[in-house]
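Feature annotations, reproduced from TrEMBL:
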TRANSMEM  56-77  transmembrane segment
TRANSMEM  89-115  transmembrane segment
TRANSMEM  135-156  transmembrane segment
TRANSMEM  168-187  transmembrane segment
TRANSMEM  193-211  transmembrane segment
TRANSMEM  223-248  transmembrane segment
TRANSMEM  268-290  transmembrane segment
Amino acid sequence: MTCPISVLAEAHYLLYGYGFQTWEYSPVYAIRSYAYILPYLIPMRLFEIFLTNNKILIFYLLRCCLGTVCAACEVYLYKAVNQAVGTNVARLMLWFLLLSTGMFIACTAFLPSSFSMYLTMVAVASWLTGKNNVAILAVAASTIIGWPFAAALGLPIAFDVIFRQKQVLYFGLWCIISAVVFLLPVVLIDTHYYGRLVIAPLNIIFYNVFTSHGPDLYGVEPMSYYILNGFLNFNIIFLAACVSLPAVKLWSYIMPEAVRARYTESSNIISIFTGILFSLLCLSRSVALYQGYHASMDIFVELHKVANDPKVHTLPFDKHVNICMGKDWYRFPSNFFLPSDRWHLQFIKSEFKGLLPKAYEPWPNGTRLIPSNMNDLNKEEPSRYIDISRCHYLVDLDVPTESSLEPRYAALEDWTVVASAPFLDAGRSHRLLRAFYIPFVSAAHCHYADYNILKTTRTKKSVKHTKL
């Protein structure tokens, strides 16, 4: 519940009739499926009807649901590993899943890849317990509704069912059933929302594989990036997993069976030590993430206090309010965090040169209308910006470096800070200690900048400044 969040722009539009549209949801490209979003709208609407109309609470209640679903999938996988492999291995796996920083981030993320992660756990668990039909259905749902490239994770299951178990017809039958159960509804839903025939899973594969710009438009990372990312998410367990298969094969080849048996019986202490070290590193990493980057959420919660404080927010109640972001636009948590529908996020010019999201056309036909000034090349679109003189509030990270497009607004006479929270300045912090929190040590080697809400002095010169 405390990890950084993911964007829910399209879900907010489907719930409340306004929000931001990214180019992936333009009918011209249609590489994202609305079918993925719809199941999440059910609990959110129920929360709104029976519990609260506070959007932030609705958002966090949804995250509770996502965490519960992920936990159920983990338990299902644990039971399957316990049955197929053994209790010790199952307990270690559950231990690693519960404390992993990667799971801390992914389990409650509103992302198709997290949805695919849930179903991959279901697929593997079903495969281990001989429920091949459930495994095939889970992989199909993960691929069609979630992330098409997750189909690669189902290849071992397909290989086993087809070549080892020799159930070719069985596999083909359940693939057909999966297409009817999942692909047909997805196509119908997306065709309805986009206003034309759309097969979103095929569109995203075509864009990422067969276009000249899709695969590397947003950058290509070297192998070292993935190794480092794996270590940050699973630390020593990731390294152990990389060498485990060849190490086990080599151990079995060079060591007599009697020696292997004695070693296995006395290896619990090694497992416990490894688990404790893994746990400490994961907790250190998760705390570092929370302390370093949670201000992007905290500051928008504080925005509600600003909006309800007549000493600070002096605009008329019915006046529309522009809250602007520049270089930090990608840290906007979502419209769920804005005080009301009278508050509108706007963008101002910064050093960022890519394509920004655009507000949907009015409900209910906004998903079908082709938005103007949209492209799939990540080209900057100047129509997204408004003049800063139209901004009533500004959210900005106050770092020492500045430019003509990214000045230190907190130092300008036109703006005054009304709320701020500490945000990690990664460029000025120790690389290791910004990644892993060490009590009393990290504070001396990590530097923080103020993540500010600023108010234009055109509305009121005297304001109250709250420090988080």
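Glycine too: its Cβ is placed from the backbone N, Cα and C atoms.
Nonlocal intrachain contacts for the transmembrane segment (168-187), taken as residues 6+ away from its ends with a CB within less than 8 angstroms of a stretch CB, comprise 33, 35, 132-133, 136-137, 140-141, 144-145, 158, 161-162, 197-201.
For the transmembrane segment (89-115), the residues of the chain that approach it from at least six positions outside its boundaries are 1, 3-8, 11, 32, 36, 40, 62-63, 66-67, 70-71, 74, 77-79, 81-82, 142, 145-147, 150, 232-235, 237, 271, 275, 278-279, 282-283, 285-286, 289, judged by C-beta separation under 8 angstroms. Residues 27, 29-35, 143-144, 148-149, 183, 186-187, 367-368, 376 of the same chain, all 6+ positions outside the transmembrane segment (193-211), place their C-beta atoms under 8 angstroms from a C-beta of that stretch. With a cut-off of 8 Å between Cβ atoms, the residues of this chain six or more beyond the transmembrane segment (223-248) that come close are 96, 100-102, 105, 274, 277-278, 281-282, 285, 435.
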